[in-house]
Amino acid sequence: MAAGFASLAVDQQSPARICKVCGDKIGQKENGEVFVACHVCGFPVCRPCYEYERSEGNQCCPQCNTRYKRLKGSPRIPGDEEDNSDQEDFDDEFQIKNRQNDSDGRQHVSNLSSTENVDFNHQQWQPNAQAFSVAGSTAGKDLEGDKEIYGSEEWKERVEKWKVKQERRGLLSNDNGGNDLPEEDDYLLAEARQPLWRKVPIASSLISPYRIVIVLRFIVLAFFLRFRILTPAYDAYPLWLISVICEVWFAFSWILDQFPKWFPIRRETYLDRLSLRFEREGEPNQLGAVDVFVSTVDPLKEPPIITGNTVLSILAADYPVEKVCCYVSDDGASMLTFDSLAETAEFARRWVPFCKKHNVEPRAPEFYFNEKIDYLKDKVHPSFVKERRAMKREYEEFKVRINALVANAQKKPEEGWVMQDGTPWPGNNTRDHPGMIQVYLGSAGALDVDGKELPRLVYVSREKRPGYQHHKKAGAENALVRVSAVLTNAPFILNLDCDHYINNSKAIREAMCFLMDPQFGKKLCYVQFPQRFDGIDRHDRYANRNVVFFDINMLGLDGLQGPVYVGTGCVFNRQALYGYDPPVSEKRPKMTCDCWPSWCCCCCGGSRKKSKKKGEKKGLLGGPLFSKKKKMMGKNYVKKGSAPVFDLEEIEEGLEGYEELEKSSLMSQKNFEKRFGQSPVFIASTLMENGGLPEGTNSTSLIKEAIHVISCGYEEKTEWGKEIGWIYGSVTEDILTGFKMHCRGWKSVYCVPKRPAFKGSAPINLSDRLHQVLRWALGSVEIFLSRHCPLWYGYGGKLKWLERLAYINTIVYPFTSIPLLAYCTIPAVCLLTGKFIIPTLSNLTSIWFLALFLSIIATGVLELRWSGVSIQDWWRNEQFWVIGGVSAHLFAVFQGLLKVLAGVDTNFTVTAKAAEDTEFGELYLFKWTTLLIPPTTLIILNMVGVVAGVSDAINNGYGSWGPLFGKLFFAFWVILHLYPFLKGLMGRQNRTPTIVVLWSILLASIFSLVWVRIDPFLPKQTGPILKQCGVDC
């Protein structure tokens, strides 16, 4: 015991250096000195990473690129003979693990797993001990498990294969047969130290031809535009000028869209390693806590049963219950949402244990019970069928109760809604009501039917008063940020729409593989998941799945600074939402060459030391806000308005090392209040990097403080919505929020698990789909006309150029609607007037036209090849790009200009969620809207133009058919792109397909004109034409 305390004291007195590779603490050598891997630059690396780099890596220091020399106790590798080391330490060739008994052995392995105060040179030789190498213990990457870890035959096979590979490498001693092999605990330790994720680059055979074709297309496009500009059509000069302007704009928009896809990558996570590292048996769970935000407004347009399924999938997620808290924001202050959430909490007491017992997927009951798959697959529990039937019956009863609540909510009483205890509902006036918070479940709430704890569920409705700007969804999300910081303060936040349920119960773990990475995770602002949808017809007529964007564009952005934030399915780092900068990593000094004499590198060595000192100085004085936030301001707070529930002096006791932080404070009290608002509890929570609540707080006082931070006047004269939280100023607050984070230097990650993480519902009706696209485009126009426009904002920041091009594309694309509308009208005008935008083609110009079309086709084919997107999805995306461009995007441009320049605000209508009627019944429902006028006009114009052009060619003879083909090609290009729109206008066609009707009209018109031209029933005269002379003979 005395020796143990002595060693502990030494560990506490030694400087705590952190390994720059894995993030663990660096141990000591036998003499008590800190382990140093590289004696040239002193780059901090722990012993296991040093051994792993020598055995599996490039055997060089990551900083100065000097080859690692063999240290005492390290196994030999090829190339060690070149070192000038004559020592033969055969006894230390293999590191020996000292086990006194089983309990001490387990405790020792636990200490090794935690990587705290590890000393790999303190091993002593014992005859019966098992010999293994440190390099071998970290070589567990050879087995990357995808299946269950404990108690399976596959696991034993993996361990055996790992042992065999280590024997072949000479890293394991096999003198005494099987008795000298390491135990499973050593393998678990090795596996836990491996990276939690890895990049999977696109194969060069797929991406290299793609890049070559992009460059060739750019060159061909330049020559094509040169030809178009230098060869005007003088007989149709206005049409030619309009067409050239349109083509130049299309080329510009193609560059904005194409070049951010230059470096596409994929990522792969290792969930088993995450569990091994942060969920060790016998130790507290170290996974990061997550606050989940669900936002809803109108329960009549966003059905409570859908919101309830989303909440149930969150509560049943495969994550420690004490680490999850679900916040539901009811921005409509509806009693229907409040009551349905109470019913959902009660049903969760039975649903959650059922899901975790039988490991069912997905964990939203509506979609689980409606799945058309074999639900008995991989189920071995004898009571599963019986329990599933009982659970399905209980869910149907739950749906009936929700339907009864919805039916009662259709007619509001004159005196307003009354709660069960007889008190009036505070939210009877949705525009003038106090803030409301109700906590369900959790540690202080109801347990499940098995007596186990459930995740906490919190209902939040922020205060609203006349005369205040509430900022719609962005304001509601910011209110949830403050409430969650006061009540739970989890370091990570998952944001979901009410119709996006968790389809993969391990989705949160997937995000933690990135956010809890010891080095990379500190620089991440969020992990974005792709959006996947249910209830879409097989042909995806209106490109609701948006596959091209999520499976091509987002992968390209992931290779740059990260994907854009799309509004849902995103796990945030809470510190990034507070407007802090990411931690600045020290720049590596310039590498020196070992082949030159030492006196030649003296200047380099001096510069290296100098740069290191500069880096330290920068970290102290010019460090990021991420480190500044720990340094607090003065104690005394002066509150304005309502008195706070907590005093800052009470919170000080819960912060470790507060006195030291106060001495080095960089932000005053007033600066903190101006930035975050007047809430000492919330300000204290922002100073806690790893989350958690300050000591000395109680739930009652926290609830009162949470009510205070959601008051309608809390954000006045603060930076909320400007630099903190969701950014205001656009209906698409998601793009603006992610853009601000990337400008500060944060990175984001795109996570695409094999099983989709989240699924939602999309409007499959044409009118609803166009209104949804209108909202997105309107938000982009608002950003374009604001100070946050990527064209001129953030040039002094850390936004990469290709990332900036991608953001410019997201706010410029609505303006493409104007040249697109003009370009789609030109073919009809040419057919009706007999003129054309292109003069007579020569052989050389024909080659440029052909090369342009071939490069367009080749780019699309190669893009589909590396991304795996089907040609049908790609074609649907192209069609809806034209449909949305000539309708929703066009209206968004004019509405945005009116809103920003003239102050005429347009109300945003919540997109109706799919009802449970007949399958795809919404698809054929016709809803008239003004957005349908421009596409309908274009179709009619081009169809009339085709008929007029063919009739003119028939009348003028064979010489006019040549120029006609070019005009007909462009006209049919427009009609083919608008065909899904035409199909939506015609509604359900049970007997006659739309294409038959379309071709029938065209062919009937053409044959009628031919018939008139031939005139078969008129008598044909042969010989001279006789006319009456007018003389009376």
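One-based numbering along the chain as shown.
Placed from the backbone N, Cα and C atoms, the Cβ positions cover glycine too.
Please treat TrEMBL annotations as automatic predictions, because they have not gone through curation.
On the 0 to 100 pLDDT scale, the domain 'Cellulose synthase RING-type zinc finger' (13-85) averages 74 in the predicted structure. The domain 'Cellulose synthase RING-type zinc finger' annotation in TrEMBL covers 13-85.
According to TrEMBL, the feature transmembrane segment maps to 208-225 (among others).
Sequence annotations record features per position, and here TrEMBL assigns transmembrane segment to 237-256 (among others).
If one looks beyond the transmembrane segment (811-834) by at least 6 residues along the same chain, the residues whose Cβ comes under 8 Å of a Cβ in the stretch are 236, 239, 242-243, 245-247, 249-250, 253, 256, 735, 777-778, 780-781, 783-784, 789-790, 882, 885-886, 889-890, 892-893, 896, 934, 938, 941-942, 944-946, 948-949, 952, 967-968, 970-971, 973-974. The annotation transmembrane segment is assigned in TrEMBL to 811-834 (among others).
The annotation transmembrane segment is assigned in TrEMBL to 846-868 (among others).
Annotation comment: TrEMBL describes 880-902 (among others) as transmembrane segment.
TrEMBL lists 923-944 (among others) with the feature transmembrane segment.
Look at TrEMBL and you will find 964-982 (among others) tagged as transmembrane segment. Outside the transmembrane segment (964-982), and at least 6 residues removed from its termini, the chain residues within Cβ reach (under 8 Å) are 541-542, 766, 824, 826-828, 830-831, 836, 838, 876, 878-880, 882-883, 935-936, 938-939, 942-943, 945-946, 949-950, 952-953, 994-995, 998.
Annotation source TrEMBL lists transmembrane segment at 994-1014 (among others).
Scored on C-beta pairs under 8 angstroms, the neighbour of the transmembrane segment (208-225) with the top count among 237-256, 846-868, 880-902 is 846-868. Counting same-chain residues at least six beyond the ends of the transmembrane segment (846-868), those with a Cβ under 8 angstroms from any Cβ of the stretch are 202-203, 206-207, 209-210, 213-214, 216-217, 220-221, 223-224, 227, 258, 261, 264, 551-552, 555, 874.
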